[in-house]
Amino acid sequence: MNTETTPSLNQLGWRPYFQQQLSLEEFEQYQIGRISEQHRNSNVLLTEKGQLSLVSTPNDVPVCVGDWVLYDTNNRLVRVLERQSLFQRKAAGTKVNSQLIAANVDQLFIVSSLNSDFSLNRIERYLAIAKEAEVEPIIILTKADQCTDIDTPVEQVQKLNPLIIVHAINALDSNDLNQLEPYCKAGKTLALLGSSGVGKSTLMNGLMGINTQATAEIRESDGRGRHTTTARSLKWLPSGGIFIDTPGMRELQLVDCETGVNETFSEIINLAKKCRFSDCSHNSEPGCAVQKAIENGQLELRRLQSFNKLHREQELNSATIAEKRSKDKSLGKMIHRVQAESRQMKNKSYEF
Ligand SMILES: Nc1nc2c(ncn2[C@@H]2O[C@H](COP(=O)(O)OP(=O)(O)OP(=O)(O)O)[C@@H](O)[C@H]2O)c(=O)[nH]1
Ligand SMILES: [Zn+2]
C-alpha cells in the first residue's frame, strides 16, 4: 500500500459489520474515519479524503487505534462504532485501570520462538488474550532454523486446539514469510504478541519488506536492541494489510479474561460439567471428572496447572482493578459524566 495515495474505506478495513451500524441520517451528516495514532490531545484519523487530526476534548468517550468513528465538519468526534474486537490491558506501574489498546484487529500473530524460550503455557496465555479480545489467533513459531526437531513443538501446539493455525518459520527468510501472505491482504488488520526477543520486529520488518538483516545488525551494534522500526502505531504492509503495533500491545496482561481462559481450555470446562460437585476445584474431590481424565491419560496435568494459573492470574488482576475503581470515586463520577454526555450527543445527532 502506497501511503501517498488515499486508501478507500474498504482498504482501511471497512465492512458490513460497521456499515450496518449507521443510520441514513448519520451517513448523510457525518464522515467516517479510522483512528491510526493516539496522542495526548489529538487523534490521527485515516479517511477516504486523507489523513486528518481529530479534535479531542476531555469529555470524549475513550477511543483507541483501530477504532472506526464518525466525525463532523469541525473534525470533532460524534461517536465510536461498535468494535468487532478489542484488546485492553492493565496499565503499567501503580495505575491499574483497564486501558484500550487496539480495536478491530482481525488476526493476532502469537509469536513464540522454537529455541529454549518455547513455552506452551505462554502460548496458552496469549491464546486466552486473543479469545477474550475476539480475535482469531495464528501461531507463528520463529527460529525454525535453530531447531532440530520442529515437528514435536508444532504437534504440541496443534494439540492445544486442533483448529488452530500454526506456522513454523525462519523469520529472516523471505520464502518462509511468504506463508503468511494470506493474512496480509488489503482490508485485513493484524497485530502481534509475543515475549521479548522472539522475533516480532524481525517478522514485522520482513512482512513490510524492510531488510531484517540490517535491522538485526543495527540492534546488535547499538547494544540496546530496542525498537529500530518507526514508532507509528498503524503500518501498511506492501500487500495492503494493516499492522497495528501500539506500544501497549506488547505488554498485554490477562485482565477480566475469564471467558478467554475458559474458551482456551474448553476441554477442561466440558469435563468439569461432569464433576460430582458443581464447585469442584479439580484438586482431590471425589467424583472429579477432570482428575479422572488426567489419571486415564485423556488430559495432561500440565493443561490443568496452566488453566488454574491463568484463572488465578486474571482473577487477581481483575480484583485489583475492581478495588481501585471502588476507591476511586472521581473516576466513577467521570464515567457517569462521559456516559451522560455521550447520551446527550447521541440524542443530539438524532435531532437532525
Ligand atoms: N535465526 C533466526 N533468528 C531470528 C529469527 N527471528 C528473529 N531472529 C533474531 O532474534 C533476535 C531478536 O529478534 P527481534 O525481532 O528483535 O525480537 P522482538 O520480539 O521484536 O523483541 P523485542 O523488541 O524485545 O520485543 C534478532 O537478532 C533477530 O535477528 C529467526 O526466525 N531465526
Ligand atoms: Zn473436578
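Glycine is no exception: its Cβ is also placed from the backbone N, Cα and C atoms.
Model, not experiment: these values are computed from the prediction.
The feature GTP binding site is assigned by TrEMBL to T142, K143, A144, D145, G194, S195, S196, G197, V198, G199, K200, S201, T202. Over all protein chains present, the Cβ of G194 (GTP binding site) has 22 other Cβ atoms lying within 10 Å.
TrEMBL lists C275, C280, H282, C288 with the feature Zn(2+) binding site. Of all the Cβ atoms in the protein chains shown, 21 others lie within 10 Å of the Cβ of C288 (Zn(2+) binding site).
Summarising the annotation, TrEMBL assigns domain 'CP-type G' to 97-252.
Residues or ranges marked as domain 'EngC GTPase' by TrEMBL: 103-250. Secondary structure of the domain 'EngC GTPase' (103-250), assigned with DSSP and counted as helix (H, G, I), strand (E, B) and coil, comes to 61 helix, 32 strand, 55 coil.
Using CA atoms as reference points, the binding-site residues C275, C280, H282, C288 were checked against A144 (GTP binding site), and the closest is H282. When the binding-site residues T142, S196, T202 are compared by the number of other CB atoms within 10 angstroms of each CB, S196 has the fewest. Taking CA atoms as the reference points, C280 (Zn(2+) binding site) and T142 (GTP binding site) are 39 Å apart.
When every Cα pair among T142, K143, A144, D145, G194, S195, S196, G197, V198, G199, K200, S201, T202 is compared, the largest distance found for this GTP site is 19 Å. When the binding-site residues C275, H282, C288 are ranked by how far their Cα is from the Cα of V198 (GTP binding site), H282 comes first.
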